[in-house]
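Visitor: Straight from TrEMBL, here's the annotation block:
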{"type": "DOMAIN", "residues": "13-145", "note": "domain 'MARVEL'"}
{"type": "DOMAIN", "residues": "150-286", "note": "domain 'MARVEL'"}
{"type": "TRANSMEM", "residues": "20-42", "note": "transmembrane segment"}
{"type": "TRANSMEM", "residues": "49-67", "note": "transmembrane segment"}
{"type": "TRANSMEM", "residues": "87-108", "note": "transmembrane segment"}
{"type": "TRANSMEM", "residues": "120-140", "note": "transmembrane segment"}
{"type": "TRANSMEM", "residues": "160-177", "note": "transmembrane segment"}
{"type": "TRANSMEM", "residues": "184-204", "note": "transmembrane segment"}
{"type": "TRANSMEM", "residues": "219-240", "note": "transmembrane segment"}
{"type": "TRANSMEM", "residues": "261-280", "note": "transmembrane segment"}
Amino acid sequence: FGSAAMATVNLRAVTSWVGIARLCAVVLACLAFSLVASTGIFQGPYGTWCMFSWCFCFAVTLLVLALELLELHPALPLSWDDFTSAFSMLAALMVFTTSVVFPSTFISSPCRGGTCARQAVATAASCLCFLAYAVEVGLTRAKPGDVSSFLSTVPGLLKVFEAYVACLIFSLLDAYASEAGLQWCVAVYSICFIVTLLIIIFTIGRCLAYIPCPLEKMLVVYNALAMAMYLTATVIWPLYSFRGRNRPDPCGRDCWWNKRLGVTFLTIFNLIAYLVDLVYSTRMVFIRAP
């Protein structure tokens, strides 16, 4: 027999610092959802979200490791560096949210018994999993002047953050059809989310070459418009949400006041994100690295 065809194995996929961070994230996410599943206490939308976040991040990270270990990712019709950068940022945000939501929703005080102990360990594993993804984001982030992979640059990572915060805003929206001001705010959230998501998809799908104008200049214009729109929403949303309406007493977990207050803070977060995005994208256009 001649030399048999063998699959190429790239051990650096699991021995490099990025690979080690991904392995840690896989183990910790698996530990978190396994412990919570063993308790059987994850009912309701918050519990479903937490389990989905851990399982989704575990599955995709395991797939990324397998594709890089076997060196199969070059055959995929997408920009692999952009995909992995975007996913690591998304996973860090999802696991961070889960690490806050799960203990505040399911761990009672005082914490006693084996069930509570497993929930506490799952929370600790989730926090460490977030740190693993944050380390991966830091290790794969493009150096200043390197724009070969857009989603690994600061503006690219901010795009993922902006889209994720918009999703959180959508999850908190309740009745807004009665006020024209609130309808405008929802339109702002929706328009900016759709455009930002399209930028991410086009980047991963290598479709930016079909855009008739340079990406950097388009980003400057879009970020300026998005920041202006979010600035109006930052003023209008709390004005129309709380005008003449006091906080109910009691105000439980699903209280409209808490949801609208959450939307207010998330709107401010995205306004700051678009401002920072505008600054960085402007530097990419007008301040070239040597």
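Glycine residues also receive a Cβ, built from the backbone N, Cα and C atoms like all the rest.
Looking at the shown structure, can you explain where the listed features end up?
Guide: Restricting the average to the domain 'MARVEL' (13-145) gives a pLDDT of 91.
Residues 25, 29, 36, 41-42, 46-47, 49-50, 53-54, 56-57, 60-61, 64, 116, 119-120, 122-123, 126-127, 129-130, 133-134, 136-137, 140, 151, 157, 160-161, 164, 168, 253 of the same chain lie 6+ residues outside the transmembrane segment (87-108) yet bring a C-beta within less than 8 angstroms of a C-beta in it.
When Cβ-Cβ distances below 8 Å are used as the criterion, the transmembrane segment (160-177) is approached by residues 86, 89-90, 93-94, 97, 151, 183, 185-186, 189, 192-193, 196-197, 200, 226, 256, 259-260, 262-263, 266-267, 269-270, 273-274, 277 of the same chain, each at least six residues removed from its ends.
Within the chain, the transmembrane segment (184-204) has long-range Cβ neighbours (under 8 A, six or more residues past its boundaries) at 78-79, 82-83, 86, 150-151, 156, 159-160, 162-163, 166-167, 169-170, 173, 176, 211, 219, 222, 226, 229-230, 232-233, 236-237, 240, 267, 270, 274.
Same-chain residues lying 6 or more positions outside the transmembrane segment (261-280) and placing a CB less than 8 Å from one of its CB atoms are 153-155, 158-159, 161-162, 165-166, 168-169, 172-173, 185, 189, 192, 219-220, 223-224, 226-227, 230-231, 233-234, 237-238, 241.
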Visitor: Can you tell me how the residues of the domain 'MARVEL' (13-145) break down into helix, strand and coil by DSSP?
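Guide: Result for the domain 'MARVEL' (13-145), in helix, strand, coil order: 110 helix, 0 strand, 23 coil.
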